[in-house]
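Here's the structure we're looking at; comments come further down.
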Ligand code: ATP
Ligand code: MG
């Protein structure tokens, strides 16, 4: 489908097209399309830009991943469909493996996602040889080399129960979620309230800048970070943006 560049919703429509294509290729499930729609709605009422609180969380998330002994970037269908190349670039810079972990279980889809990531020349973990106890969904099945032993996990577009289990297993969780009210957003250590299509490129920039920093400097970034305040600012940003838009109609 041709989307004219001049269309006011060009970026949003291109992103949809990308996800629809990933759906047709079998990387994304129909439920993923619905989840994206929920994300789009929050993006709309946040003004479709990376706000200061998002940049702050992206920076803290990168610092946490750089400080980790075993960082892992967890990739699901939507993440692979939208930012496969970018997440692999981030993995390279911070020297972390990527692991395929999906909610709606299918060996075939898992393999397809792994192949998509491998095209970008990174190490992809997709063994089904360890279990995170306490979780009902298929996402409890993980790779013993990856999420199972990780101390910091980036889990974008995550469901709340999985985030909770990762926390219960003592892991630090960095998430990307446009809904600052979701259970995931509330439970994570670092919640990036931003569209994943902007968040990962921003994180690549931060990672390039910060990868040679000494540990103390990175620790200061993590220590001064306050996730509750970031979430509060995200919710208030929605309120203020809506007030502004309503004001335009006066
Ligand atoms: P929870 O279980 O945490 O309360 P949920 O059930 O609402 O959340 P899920 O559908 O399980 O959420 O997860 C998808 C989440 O990802 C949603 O909160 C949605 O807003 C968010 N999301 C979807 N697409 C994007 C995107 N492109 N960028 C960032 N966030 C997104
Ligand atoms: Mg949920």
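Even glycines carry a Cβ here, placed using N, Cα and C.
Computed from a predicted structure; not experimentally measured.
Residue 177 (ATP binding site) carries neither a helix nor a strand DSSP state and counts as coil. The ATP binding site feature in TrEMBL is assigned to 16, 38, 177, 178, 179, 183, 184, 195, 196.
Largest Cα-Cα distance over the residues recorded as binding ATP, namely 16, 38, 177, 178, 179, 183, 184, 195, 196, equals 25 Å.
Non-local neighbourhood of residue 196 (ATP binding site): 78, 79, 82, 83, 156, 157, 176, each in the same chain, at least six residues away, with C-beta under 8 Å from its C-beta.
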